[in-house]
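S.K.: Below is one structure. I have some questions about it.
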Amino acid sequence: MTTWDKCLKKIKKNLSTFEYKTWIKPIHVEQNSNLFTVYCNNEYFKKHIKSKYGNLILSTIQECHGNDLIIEYSNKKFSGEKITEVITAGPQANFFSTTSVEIKDESEDTKVVQEPKILKKSNSKDFSSSQELFGFDEAMLITAKEDEEYSFGLPLKEKYVFDSFVVGDANKIARAAAMQVSINPGKLHNPLFIYGGSGLGKTHLMQAIGNHAREVNPNAKIIYTNSEQFIKDYVNSIRLQDQDEFQRVYRSADILLIDDIQFIAGKEGTAQEFFHTFNALYENGKQIILTSDKYPNEIEGLEERLVSRFGYGLTVSVDMPDLETRIAILLKKAHDLGQKLPNETAAFIAENVRTNVRELEGALNRVLTTSKFNHKDPTIEVAQACLRDVIKIQEKKVKIDNIQKVVADFYRIRVKDLTSNQRSRNIARPRQIAMSLARELTSHSLPEIGNAFGGRDHTTVMHAVKAITKLRQSNTSISDDYELLLDKISR
């Protein structure tokens, strides 16, 4: 049995039958020592495989082969001229992932804790009628070629538990609410709506809810999925002429967890079905948990009736962790990997990688891999060498004076107001926001930031960061302003 054959068995456990048969089974992987070439038949297929399943393929090959490897993606079939793209190109997230030293046990990463419902295949609808009813994307799914069976939902991964979720000011409210609904589903915070940027822990929290609720009540019917899978489940129930079964499965859940709910916006047929599913569950006191990258009102194309229902319960944000929490995440991750990481190295990485937790862990993996390969300890010097491209990109992008200008323009004040001694609320709050942004987006120390804001003490900067972090949890207006400013500055 080849390494890829072993990988296929593991990958199959992580995906629905439809995903596996449609996307993974058709690709061919050629191994030449530590080089794995993934042949994807065409450019569209290659892009989709890389973006959607690249991390899964990488971690599975690492599990079966080891960490010392290179993966190339080709847009050609296995025979003929090869046009390849190495996934380690560039300094950002894909490169971090490629050098990961994390080895995931099959029992940890792929164990299924729910039994998906299987539908048997019947006649397909034609594309034109499906397109009229559902729209282009949904029609494409209905007419997609599949094998003989299809399952609802996605498996929960047992590695996602509350104990492995590092808590800080940026996520403690979301974590507390998640714990509450896992213990008493349908009683408080229904629905629980968790929003925040990519890679900040929303999926971790969501699956932790499912896993903990299973421990509290082993007989509970828990369905975890994401919006893409929910769409596939729905349109395939139409294609298989079994909508009643789809409705029975989803509407009989005790706890329904849907990740990235924003993607049902604009999918008219699916949105309508979800609306009725939501109502059925809510009226029966069943718990609904949703995640999104945006606050409900900001999801473009989402029906107003859904926005209204999302507001029935509790909406909480998950933001980028502060420096102390990022350090704690790195130290815990290193410990889980059985690696020793000096506190000063963890602090250096946390200071210089501030985009999201996923890239933070990727940077750690990169440092640990390099130190292990060179038989060195993961010192600051090793981290500096490994991450110099990341640091250069970040410093090139963000300067404190640029942050001050963007914030001043946003609040219609002058830059010199931010550096002045004025303490009026319309000046003090933007100043605190600008300081917090400077702390998050630059590698400057607290004293350096304080000096840039009129020679203020480093404790003033610390207070500003803590104040804004707390306000972002409780004040939607502040949170929205902060996210908009982050976007403007990072462009």
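Cβ atoms are placed via backbone N, Cα and C, with glycine included.
Quick paste of what Swiss-Prot says about this protein:
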REGION    1-69  region 'Domain I, interacts with DnaA modulators'
REGION    69-154  region 'Domain II'
REGION    155-371  region 'Domain III, AAA+ region'
BINDING   Gly199, Gly201, Lys202, Thr203  ATP binding site
REGION    372-491  region 'Domain IV, binds dsDNA'
S.K.: For the recorded ATP site, whose residues are Gly199, Gly201, Lys202, Thr203, find every other residue on that chain with a C-beta no more than 8 angstroms from the centre of their C-beta atoms, and list them by sequence position.
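M.R.: Near the ATP site, the remaining chain residues are Gly196, Ser198, Leu200, His204, Leu205, Thr291, Val318, Val357, Arg358.
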S.K.: Is it possible to list how many residues within the region 'Domain I, interacts with DnaA modulators' (1-69) are helical, extended or coil according to DSSP?
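M.R.: Tallied per class, the region 'Domain I, interacts with DnaA modulators' (1-69) gives 43 helix, 10 strand, 16 coil.
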S.K.: I'd like the number of other C-beta atoms within 10 A of the C-beta of Lys202 (ATP binding site), please.
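M.R.: If we count other Cβ atoms within 10 Å of Lys202 (ATP binding site), we arrive at 24.
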S.K.: With every protein chain in view, what's the tally of Cβ atoms within 10 Å of the Cβ of Gly199 (ATP binding site), excluding that atom itself?
M.R.: 17
S.K.: For the region 'Domain IV, binds dsDNA' (372-491), jot down how many residues DSSP puts in helix, in strand and in coil.
M.R.: 92 helix, 0 strand, 28 coil
S.K.: Which residues of the same chain, at least 6 positions away in sequence, have a Cβ lying under 8 Å from the Cβ of Thr203 (ATP binding site)?
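M.R.: When sequence neighbours closer than 6 are ignored, Thr203 (ATP binding site) has Tyr160, Asp259, Thr291 within Cβ distance under 8 Å.
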S.K.: Taking the Cβ of Gly201 (ATP binding site) as reference, which residues of that chain separated by at least 6 in sequence fall under 8 Å from it?
M.R.: Phe165, Asn171, Val318, Val357
